[in-house]
Amino acid sequence: RLELRCERDGADGAELRLDAHPSLAVSRAALLPPPGGPGDAAGRALPVESRPFASYGSALHIALPQAPRAGQLLTLLIDYEAGEGPGVCWLSPEQTAGKQKPYMYTQGQAVLNRSFFPCFDTPSVKFTYSATVKVPEGFTAVMSATSWEKQKDNTFVFKMSQPIPSYLIALVVGDIVSADVGPRSRVWAEPCLIEAAKKEYDGVIEEFLVVGEKLFGPYVWGRYDILFMPPSFPFGGMENPCLTFVTPCLLAGDRSLVDVIIHEISHSWFGNLVTNATWGEFWLNEGFTMYAQRRISTEVYGLPYTCLEAATGRALLRQHMDATGEDHPLNKLRVVIEPGLCVNPDDTYNETPYEKGYCFVSYLAHLVGNQSKFDAFLQAYVNRFKFQSITADDTLGFFLEYFPELKEKGVDSIPGFEFDRWLNTPGWPPYLPDLSLGQQLMRPAEELAELWAADSLNMEAIEAVDIMGWRTYQLVYFLDQVLQKSPLPEGNVKRLSKMYPKISKAQNAELRLRWCQIVLKNNLEAEYNKVKDFLHSQGKQKYTLPLYRAMWGGSEATRALAMETFSATAPQLHVNVQNYVKKILGLAAAE
């Protein structure tokens with residue numbers, strides 16, 4: 001049921017167009033009488049027709065009896081059936097952690113929720129919602145909602161009282177249980193994972209929320225719960241309000257990956273509260289969130305560690321731009337998504353909006369030149385645009401209005417750093433924030449990588465370095481350096497593997513990814529099974545695609561490994577990830 005208000009008198013005639021999907025079967029549309037007014041409760045049936053729109057969806061055309069007037073309220077009822085589309089994921093028991101019961105979840109970002117329900121599937125429109133969900137005995141339903149209650153007959157009632165864009169509506173049904181980990185937080189997971197989830201996250205979420213509120217203003221969503229998804233979930237996290245979905249890869253056992261949660265928490269202000277009006281300006285969500293994440297991390301873990309984490313982010317941006325070419329049109333902050341062109345908004349998902357976006361926000365902070373003044377600006381920005389969807393022009397206009405002295409100076413058009421260049425020119429960021437404080441953690445990692453890349457190994461010098469105390473991102477940085485220097489001289493990687501079981505036998509997914517990349521780049525056939533095991537254990541896009549790229553770009557043996565692994569794991573992957581892998585392996589014509 002859609003409750004609509006007509007914004008203005010339109011010349012568009014008496015037609016409503018909604019986003020839908022060929023997999024969505026609409027049986028009836030009707031106009032309901034005004035609440036309390038005369039008329040048939042079943043409503044007046046309306047002609048409805050589905051027409052092609054783009055590769056990722058169709059348009060639902062509903063004929064209204066007459067053109068609505070500005071301010072008029074309409075209530076529309078649409079009877080439909082969904083479930084086969086890309087936004088609704090059905091997992092067989094073997095795709096779950098518990099392997100006992102099936103599971104379903106929805107994933108809306110960027111344009112997939114149109115296959116879950118007919119809607120205005122654009123981040124420029126925000127609305128509240130409620131839902132009643134009936135599920136079989138032995139299953140629990142949860143949604144991204146500010147309130148939920150369980151009623152009889154295993155029926156759950158949800159209400160989201162704050163306006164959100166369509167992509168943030170999410171539903172999960174599975175054999176899931178919860179445990180409290182803070183005053184406004186609980187973790188949800190399959191029963192076999194709940195103990196690990198509670199142990200890993202007990203007490204930490206509240207600490208991050210409190211720092212976020214201090215920096216960016218009140219947390220407006222009430223609860224902040226985390227749902228640990230089955231291993232096939234394609235993302236690190238999805239910031240569905242009140243209920244963040246995360247990969248079970250975050251259960252490293254040593255809290256070494258909790259900073260991914262800082263990223264999702266930061267979306268509570270940047271993305272969920274202030275939202276990009278179009279997917280072509282995705283950096284407004286992700287660049288600001290990366291900046292916010294690193295502000296919280298600096299407060300909690302200190303600047304050197306945060307600089308080190310940001311350096312690994314910069315390395316990912318470098319890898320991405322080397323792979324695509326710097327001047328690829330997706331390497332702009334403002335990507336053109338034209339109706340009818342083949343750019344699917346989902347394809348804007350890459351390192352550029354995150355890391356180049358982070359550099360642009362850092363550049364704005366650099367122009368201000370004072371951290372507490374920039375923090376105050378961010379708080380004012382959130383307050384000014386909360387519950388709205390905005391463009392980069394809104395953001396940058398507000399920045400210049402907030403700092404009139406900078407506007408006076410013409411900071412938007414400094415040669416080489418023009419705001420327009422940041423937005424519309426592809427390539428490497430014109431400004432890079434200073435990460436030199438990370439040097440105290442990076443230098444030992446760089447020196448150790450140098451030692452391992454030597455033709456004859458200086459074992460005395462290598463043994464003098466104790467990596468047992470290094471935190472995840474220091475190890476990640478070390479492995480990134482080793483990967484850059486690969487292939488290493490014959491035999492070195494084998495010795496490295498033996499010397500550091502902390503790395504070569506790690507359970508931490510970030511370390512496993514890099515170790516697998518090193519194994520492939522150095523043709524260490526004895527450890528190809530680790531690549532296979534890692535790809536069997538999870539289906540996260542960020543870990544899966546680079547490994548298939550590395551296998552496909554390697555030897556005959558690694559290409560065979562890629563084919564063998566994909567044919568075994570394809571059914572447990574998310575459909576988008578399956579398609580991306582097919583593209584890499586040349587199994588499907590790219591859309």
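A Cβ is built for glycine as well, from the same backbone N, Cα and C atoms used for every other residue.
Taken from TrEMBL, the feature peptide binding site covers Gln107, Gly108, Gln109, Pro234, Phe235, Gly236, Gly237, Met238, Glu239, Lys540, Gln541, Lys542.
Per TrEMBL, Zn(2+) binding site is recorded for His263, His267, Glu286. Other Cβ atoms within 10 Å of the Cβ of Glu286 (Zn(2+) binding site), summed over all protein chains shown, number 26.
If you look up TrEMBL, you'll see Glu264 marked as active site, proton acceptor. For Glu264 (active site, proton acceptor), the same-chain residues that are 6 or more apart in sequence and have a Cβ closer than 8 Å to its Cβ are Gly237, Met238, Glu239, Thr244, Val246.
Per TrEMBL, active site, proton donor is recorded for Tyr354. Tyr354 (active site, proton donor) has a Cβ environment of 23 other Cβ atoms inside 10 Å.
Positions annotated as domain 'Peptidase M1 leukotriene A4 hydrolase/aminopeptidase C-terminal' by TrEMBL: 440-585. Helix, strand and coil counts from DSSP across the domain 'Peptidase M1 leukotriene A4 hydrolase/aminopeptidase C-terminal' (440-585) read 109 helix, 0 strand, 37 coil.
In the shown protein chains, 25 other C-beta atoms lie within 10 A of the C-beta of Glu239 (peptide binding site). Between the alpha carbons (Cα) of Phe235 (peptide binding site) and Tyr354 (active site, proton donor) lies a span of roughly 14 Å. Each of the binding-site residues Gln109, Gln541 was ranked by the number of other C-beta atoms within 10 Å, and first place falls to Gln109. Each residue contributes its Cα atom, and for Gln541 (peptide binding site) and Tyr354 (active site, proton donor) these two points are 15 Å apart. When the binding-site residues His263, His267 are compared by the number of other C-beta atoms lying within 10 angstroms of their own C-beta, His263 comes out lowest. For Gln107 (peptide binding site), the same-chain residues lying six or more positions away in sequence with a CB closer than 8 A to its CB are Gly87, Cys89, Ala170, Pro234, Phe235, Met238, Phe245, His574.
The residues near the Zn(2+) site, meaning same-chain residues not in His263, His267, Glu286 whose C-beta sits within 8 angstroms of the mean position of the site's C-beta atoms, are Glu239, Glu264, Ser266, Phe270, Gly271, Asn285, Thr289, Met290, Ala292, Gln293, Tyr354, in sequence order.
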